Amino acid sequence: MKLTSSTIYLSKKAFLNNIRFLKSFAPNSKFFPVVKSNAYGHGLKEVVSIVDDYVDGYCVHSTDEALEINTNNPILILGHINKSEKELIEILKTKELYFTVYSEQTVDLLEKIAGKVNKKISLFVKVETGTHRLGLDEKDALSLAERIEKSNLLNFSGFSTHFANIEDTTDHSFAKKQMEIFNRVIGEFNQKGVYKHNACSAALMLFEETRTEIVRPGISFYGYYPSRETIVSLNSKGYNRKNGLKPALSWITKPLQIKKVKAGEYIGYGLTYRANRDMVIAVLPVGYSDGYDRGLSNNGFVLVEGKRCPVVGRVCMNLFMVDVTHVERVSVDDDVVLIGKSGEEEITADTLASLTGTINYEVIARLNPYIQKKIID
Ligand SMILES: *Cc1c(COP(=O)(O)O)cnc(C)c1O
């Protein structure tokens, strides 16, 4: 009797391959993979346990994620503080956190906390270079950096920024302009030797100038290319994809029930599928609450015994049905691959993303954290 609905398998081999590949672009940079949003849906605790000896630190979005990480490596908060002062003091006693700041109030708060924990806190100032997400304009960034430098409780570690238009295009003129602004700010700062970082996956792989003291790849660490445009740009630089990234995650389930459906009968809510022949279907214990998008209704497919089996009817909250008529001797013991390889076939997050009109990032980031994880090879 099986007890779980589905399982996410994490390949240690794939993670180590991806780290090796990405580090080859920037062998002298500190490698801080981004593990926000439950490690892009892969499971924060499990991913950290796999890679902790092979990385220099981690990037997360907020302080509550930093709290979940069991590591002696430093953790860089890219976004914001969402823990109370008291909780932050507790976290800082055992963990080395680097903060990204873009307001005087946050700097004041961190200075106060540094006084209480009796430990210098490291801060990076985020520079607005054209993304208009987090960050301060040139002048304000410089004056906040000077404010931090004056404090003997705070460590001014450097500047960071984030690119707006690097994976959506093969025209990288906007990214170059952002890089110029970023470099100008650093040039104007009175102190030499501060760190700077701006390399997401696409930047790291495409632009030498972004391979600075720290790099912060996300999607590529998990084995995915940020976009088709990035692949095209990489190809034009003569690089061979075969030796590159390998998806680290597979998502597998088993049928709850196999049943026959007669020609003319319907399948699922809304009667959106009607059998035009006698068929055999498998009912699977996965639904949109697990992160299997409802947009895959009558649209997606799974793999059983190396064969593509289309989704028939609507994806429900906890269940969906697939056509397994063409799979011989199908049973409830068969592995059903939602993401991963089976025989010659493969479904990746890119496959599901293109079927549902989104990007691979969203497909994996929305995998329900409750899905159990197993580490393989
Ligand atoms: C998410 C994120 C990254 C990682 O981007 P990828 O495209 O996944 O490599 C890097 N930096 C910041 C600020 C981010 O928010």
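Cβ atoms are placed via backbone N, Cα and C, with glycine included.
Here TrEMBL flags LYS36, TYR269 as active site, proton acceptor. Residues or ranges marked as substrate binding site in TrEMBL: ARG133, MET317. Positions annotated as domain 'Alanine racemase C-terminal' by TrEMBL: 248-376. Positions annotated as N6-(pyridoxal phosphate)lysine by TrEMBL: LYS36.
Distribution of TrEMBL features across the structure.
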{"residue": "LYS36", "record": "active site, proton acceptor", "DSSP (3 states)": "helix"}
{"residue": "ARG133", "record": "substrate binding site", "DSSP (3 states)": "coil"}
{"residue": "TYR269", "record": "active site, proton acceptor", "DSSP (3 states)": "helix"}
{"residue": "MET317", "record": "substrate binding site", "DSSP (3 states)": "coil"}
- Task: Can you tell which of LYS36, ARG133 has the least company, meaning the fewest other C-beta atoms within 10 angstroms of its C-beta, among these recorded positions?
- Result: ARG133
- Relative to the Cβ of TYR269 (active site, proton acceptor), which residues of the same chain, six or more apart in sequence, are found under 8 Å away? GLY313, ARG314, CYS316
- Task: Determine, to the nearest whole angstrom, how far the Cα atom of ARG133 (substrate binding site) is from the Cα atom of LYS36 (active site, proton acceptor).
- Result: 17
- Across the domain 'Alanine racemase C-terminal' (248-376), what does the pLDDT come to on average, as a whole number? 98
- Message: I'd like the Cβ neighbour count for MET317 (substrate binding site), meaning other Cβ atoms within 10 Å of its Cβ, all protein chains included.
- Response: 10
- Task: Could you put numbers on the helix, strand and coil content of the domain 'Alanine racemase C-terminal' (248-376), residue by residue per DSSP?
- Result: 23 helix, 49 strand, 57 coil
- Task: Measuring Cα to Cα, tell me the gap between LYS36 (active site, proton acceptor) and MET317 (substrate binding site) in whole angstrom.
- Result: 25
